[in-house]
Amino acid sequence: MDNKELIIQKLKENFSDSIVEISDFRDDLSITIKPNVIFDVAKFLKENDELLFVMCKDVTAIDWATRKNRFTVVYHIYSFKLNFNLRLKSNLEAEPYQIESVTSIWQSANWYERETYDMYGIEFLNHPDLRRMYMPEGFEYHPLRKDFPVLGIPGSLPLPQKPE
Amino acid sequence: MGLEAKLTQDGFITTTIDAIVAWARKSSVWPMPMGISCCAIEMISAADPKYDIARFGSEVMRFTPRQCDLMIVAGTVTYKMAQVVRRIYDQMPDPKWVIAMGACTSSGGMYRSYNVVQGIDQFLPVDVYTAGCPPRPENLLNALMTIQDKISKTRARDFQDILPQKLEVETR
């Protein structure tokens, strides 16, 4: 059995109700799951003895602007045992845009989730330290949302006053 | 040389305080290297033996603002960094000058974006703007010579009324 079949079979055995979509495009396996099970799926993928996805390479999001499910949170994880990259996706349906944090499973997700929160305004529940990553504290907007203008909102970022 | 010949003749020269103070000031402009991004590499090149900023008396790059006269802002200034640049500028003793080195610093450059200040003259008094992305070292030396011209036209009393600036103390 090859890696893809193994992963799909293992997930179907345990989370058959929660899998929304499985896509295998150009040898990249993407599995879309429901947002409420992200923590359990992540824990399972990491701790199952045959899978061992111990490395979280990236957490980010996509803003689809006009779609019904506006945001998709994307996780890229890697298994040394299988030498396999897996993409996990989860569509957020409505405001408030919230999803469970996976920082307690993969420590590396800490700053990725902070960045995603800063840029898209997606709240990661039970994150140990959910502060902005790049923008100054007190900034009210989320710059990578599609409704944010490229040149920013005038006056939203303070500048020191010019002397004299 | 001219100066020694004068001294052996009469033992004294006549000049004005303004002229000699301005001459002293312009001949040892100590820069604060505010190297924020790639322009800093060209600023470093200007200090190496090939371009040799020491010819102009500006080889003493101090990494403390307390000993500097000239701030070379070399690189993209984001809104977050603007607070830091201004803080360092405020710590420099008067009289002081500023070079905006490169396109990003002068106008935001190619970063026409929400996070980059579109020209540092929004929060700093700039004396010389330098074109280029990044400017070549010759261009920076030209900016320095322009500053020297500007300094040589100052009078000592231009700066006597400047009071020490009030620094906002952050307790965090």
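Keep in mind that glycine also has a Cβ here, set from the backbone N, Cα and C atoms.
TrEMBL annotations:
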- B:CYS38, B:CYS39, B:CYS104, B:CYS133: [4Fe-4S] cluster binding site (BINDING)
- B:38-146: domain 'NADH:ubiquinone oxidoreductase-like 20kDa subunit' (DOMAIN)
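Residue counts of the domain 'NADH:ubiquinone oxidoreductase-like 20kDa subunit' (B:38-146) by helix, strand and coil are 47 helix, 15 strand, 47 coil (DSSP-based).
In sequence order, B:SER37, B:ALA74, B:GLY75, B:THR76, B:MET101, B:GLY102, B:ALA103, B:THR105, B:GLY109, B:GLY132, B:PRO134, B:PRO135 are the same-chain residues whose CB sits within 8 A of the CB centroid of B:CYS38, B:CYS39, B:CYS104, B:CYS133, the residues recorded for [4Fe-4S] cluster being left out. A C-beta separation below 8 Å, combined with a sequence spacing of at least six in one chain, links B:CYS133 ([4Fe-4S] cluster binding site) to B:GLY102, B:ALA103, B:CYS104, B:GLY109, B:MET110. Taking Cβ-Cβ distances under 8 Å and a sequence gap of 6 or more within the same chain, the neighbours of B:CYS38 ([4Fe-4S] cluster binding site) are B:GLY75, B:PRO134. Across the residues of the domain 'NADH:ubiquinone oxidoreductase-like 20kDa subunit' (B:38-146), the predicted structure has a mean pLDDT of 90.
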